[in-house]
Structures are given as C-alpha cells and as structure tokens.
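What TrEMBL says about this protein:
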TRANSMEM  177-197  transmembrane segment
TRANSMEM  203-222  transmembrane segment
TRANSMEM  255-277  transmembrane segment
TRANSMEM  283-304  transmembrane segment
TRANSMEM  376-395  transmembrane segment
TRANSMEM  401-425  transmembrane segment
TRANSMEM  432-453  transmembrane segment
TRANSMEM  473-501  transmembrane segment
DOMAIN    545-649  domain 'STAS'
Amino acid sequence: MGSLPNETFSVEEQQQQLALEDACRTERKKWLINSPDPPSLWQELVSAIRGSVFPRGRKHSSSTGGRHAAAMSFLQGLFPLLSWGRTYKASKFKHDLMAGLTLASLSIPQSIGYANLAKLDPEYGLYTSVVPPLIYALMGSSREIAIGPVAVVSMLLSSMIPNLVDPAADPIGYRRLVFTVTFFAGTFQAIFGLFRLGFLVDFLSHAAIVGFMAGAAIVIGLQQLKGLFGMSHFTTKTDVISVLHSVIKSVQHEWYPLNFVLGCLFLVFLLVARFIGRRNKKLFWFPAIAPLISVILSTLIVYLTKADKHGVKVVKHIKGGLNPSSLHQLQFEGPHVAEAAKIGLITAIVALTEAIAVGRSFASIKGYHLDGNKEMMAMGFMNLAGSLTSCYVATGSFSRTAVNFSAGCQTVVSNIVMAVTVLLSLELFTRLLYYTPIAILASIILSALPGLIDINEAYYIWKVDKLDFLACIGAFFGVLFASVEIGLLAAVTISFAKILLNSIRPAIQQLGRLPRTDIFCEIDQYPMAIKTPGILTLRVNSALLCFANANFLRERIISCVTEEENETEETAKGRVQILILDMSNVMNIDTSGIVALEELHNKLNSSGIKLAMVNLRWQAIHKLKLAKFMEKIGAEWIFLTVGEAVEECLASKLESTNNC
C-alpha cells in the first residue's frame, strides 16, 4: 500500500509533462502561423538600394551628429577610399609604388596591343589604362585587382562592332560607336550594382566562362597571325574557319618573313620569361617587364636596321598627351543605337564576370570579402567616365592582377601609380614608339593567351558535372566555329536548360526517422530510416512552387500516395491516413502553386487522407494565409518540425482508433 502514492505521483508527473509538451507545440505553431508579414516588393527594392550605398550594421539618429554620421556612411559606402585612406601608412605606399611601377611596365605594351586587337589606334589602349584605374581607386573595394583593357573584351568589340561600321572604311564612325558601347556598358554595370542585379552576371556559369575563355583565346591567337605575318588584308570574321581561310589566302600573295622572324623570336623570349617566373616566384618581375623589354629592344632593332623599309610593319605615330574628351563623339541617335546598347549589355556582363571572378579569387587569398554589387557600381562608373575621356571598356585583368599581387601591392594605390606612370608615358615617350613593330604587339598578346586556357579545370568540370561540361564545350565550340554571340548564347541556353530541368522536374523525397533519433531524413539516401505506419512524409525539393512545376508536383505527390498505399496493401500494413508535406525547401509560392495545393487537398480529402504541412517559409505562409488555404486545412495541421507533426499525427490516429 505504501507504494501507491508514489505510483500516483509518477502518473501525474507524466501527465503534466505531456501537457507541457502539448502547450509548447501549440505555442510553436502560433509562432509559425502568426509570423509578421514579409516586406513588400517596394520595401525590398528600397532596402537593396540603401544596402548598395550604406555600410551594413550602422544606425544613425535624426540629430545633427546622426545626420553627419549618415552622410559619412553614405560616402564611405560609395567611396571606400575614405574608409581605408585614413589609416594608410607610408610603409604600405612603398609596396604599392613598386607594384604600380611593375604593373605599368606590363600594362603599357599590353594596352597598345589590346587597342590594336580592338581595331583602335594605340593611344586609346593607353588612355584606357589611365582614367578607369583612377576612378576604380576611388570606388572599388578590391586591393589587388589591376584595371585596364583586356584581350577578351577587346576581341568582343572587334568582332561585333565591325558588323555595324567598318573600321577600315570609317575609323571615326567606328571609334564613336566604341565610345557609345562603352557608355552603355558602364550604364548597365552601374544599374546592376545599384539595384543588386548581380544574379544576371551569374547566368554565365563558371563552366561557361571556362569554355568561352578558351575559345576566345584561340580566336584571339589566330587573329594575331595578321600582325605576325605582316598582312594588310584580313577577314573581319572571328570564327576559326574564316580566319584560317584568310590566312592561307593572304600568305599566298602577301606576307613578310622579317615580321614573322622578329615576332617569333620575341614570342619565344616572352614564353621563356613566363616559364621562369612560374618556376621561381622570386623572379615574378621578369615576366612582368619582359613585354616592355621586348618593345624597347625590337624598336631599337627596327630603328637601327631600318627594317621598316624592308617590309616590317610598325606602329608609326602614337598621339600623346592627356585623354581628350569624347563626350561630343557619343551617338544616341541613328540606326545603330539599339545595336550599340545590345553590344554594351553583352560586354558589360562579360567584363563584370571576369573582374568579379578575378577580384574574389585574390580577396579569398588575402582573407577579406568582396561585395559584388559595389564592384559593379565601381566598374560602371569607371566605364561611364572612360566613355567621356576616349577610353573603351575596361575591366580587371587576371594576368596583370597576378603581377600586382606578386609584386606585393597592399591597396588599390598601385592602380593610381600605374595610371600616373602611363600618363607620364603618354606625355613624354610616345614618339619613341614610332618604330615599334606590329609583330611584337602580336607576340605580346599571344604570350598572354595560355593563361586563358584551363584544360585541368575543363577536365574537373567533366568529372564532376556532365551538364556543366556541356555548357563549357557549347561556349567553346560556339565561339570557335560561329561567333562570340553564338558562343555566349549557347552557354547561357544550356545553363538555362539545366536550371529549367531542375525547376520543372524537382524531386519529391520520402522521409523516415533515423533509428534512436528524432531526425527525419530521405529514405533513398538513408535506407536505414524507418517509415511511420499510416503516415506518409514527403519533402518537396524545390525552392519555388510555381506555374512551371505546380502540376508536376501535385501529380508526383498523388503518385507517391498511390504507390505507398499499394505497398502497404501488399505488406498488410495500415493504409495511408495522413500525408505530411515538409515545405522547408519551398521559399516562395505563386497562385498556380496555391491552386495545385488546393486540388491536392481536395483529392486527398475525397480519399479520406488528411494533409499536414511542415515548416512553411515566410513568403509561402503569408500567401497561403491571404488565399485562405490555411483555413481550409485547419491551423491544427500546420507544424514547425517533421518530428512534431509525426508525434501529433500519431496521437490523432490513436485517438480516432480509440473512438472507433
């Protein structure tokens, strides 16, 4: 008899514990169901713009001091130089000065070569290495990136703009269109950054970029055969068939062996310098100054031997002085404006993709974060300024950034040093470049191309993801055998097809409880997971429940229920009485998705199956409440976790069985 009070107390304690757990579950349900409304589209847009120009995590009062702090926060967000410039020391400048001078020694010959690739006069490449780096130094946040003209962007312009204006027949009109395209490219880049549209750049996937860069490198290399052979007539097309046909045809009638010999000799020198620099990191400066040494030596050889009289083609006059204004040359009227905007958009995306990839790779080495949206704004404003000062589209160069990094740069001041050095060269030394051979510029570009072809990365993509590799070779062969636009279009199309395939046909996975835990996992991945008799638990593996996949998901869920019922009949287990949908992956839902859920609920209801939903996300539950779907299934069938849903459903099943 003495043990009876203890037993009674134990039962009461258990009942109290169960009641407490029920109360906690009910409270957690209320947290989910009564969550506040998410921000509207307008609020998100305003927040995105504010986040682009104000550093996060700072709140300011409405007092005078608060307004001053807010103004400073705005300026520091727009001009990072104001933030780190206050702590800049002379010890850092010593490193930046050496890095900037090393960078300039590489940038000057490369800029002249890339201008030639873009079918512009040499001085425009040098102009592009002056103004854009200075603007980026004010607004950019990468410490290592080197700004200026690059091979891929130069090739893009020279392959697309000649379809509108022939640079040989109308060089002034061609130049004006280049500046207009640069203006549009800068505008698009600034808009992408301001409205946080960086996801548009991500449409060019990593695999697509690898393929595009490799194809572009081969096309650029083939185009340099014109300079290497000293040809005057050459195709304006960029596909490999047209270029090779043009080379074979021209070699039969016009080519000058001295150009070829001179170009090949210095190409070998540049490649050897590159090899030495890679083998011995302490000699990083050797491949950096090798192009400048090549220009100086080849210019002296041509001048002393008068090789220009014997068929060696030279640069001739390079206009010196400060960047002239090109505001009056921008064209916003006429038949080519729409095409210029299209080319500007393509160039903007390619330039941003390259710059952000370069900036982030070196930022990760140094251990700091690079804000992609702020980088887009900086790139946009620097190209807008460049379009007004006789520059064409500039971006971050991987080869020059690697040199800048190896030279020990500490901040973006190295870009300022480089820009000032190039400016001094424009003022003082352009006359000395009159006898620089065109073949040397071709060899400088050719020596930089191996860095654009990454065979190991292509093999890695093939090994990891075959669909990604399809985008890679689509871009590669598109650029190589059709055109730049076709290559980009092929890459984006394949990438979109991959996204659509995953979005339209998302997976539905059955969940089970792992033994001796309260964790529910996918049965396909964890075969030891245990099903709960009479309860079917499914997870929707899609971020969106929308018009594209709503009907498929509804039919797939009904199919899973039917299959489960057939299986339970064969194994003599209880039929499915409750369907639990884990919605934790579904970030958003549209009206088509809501209609599909309503049809699913009606179908299940007619079969005597209850529908429970777990972990509805913010936007999804808000829209379901507005559509009154929550009232249809009942608030008691909404749960925060799968474990709670299964426990309560089991209790509900037990209660209904006892009542029967």
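Placed from the backbone N, Cα and C atoms, the Cβ positions cover glycine too.
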Positions on the same chain near the transmembrane segment (203-222), where near means CB under 8 A and six or more residues out: 117, 151-152, 155, 159, 238-240, 243-244, 247, 349-350, 353-354, 357, 445-446, 449-450, 452-454, 457-458, 461, 465, 468-469, 471-480, 484, 487-488, 491-492, 494-496
Paired segments the transmembrane segment (376-395) and the transmembrane segment (255-277) in contact, 3+ CB pairs under 8 A: no
Stretch-averaged pLDDT - the domain 'STAS' (545-649): 90
Residues of the parent chain within Cβ reach of the transmembrane segment (401-425), under 8 Å, 6 or more residues beyond its termini: 81, 84, 88, 92-93, 95-104, 106-108, 111, 126, 129-131, 133-134, 136-137, 140, 142-148, 281, 284-285, 287-288, 322, 358-359, 362, 365
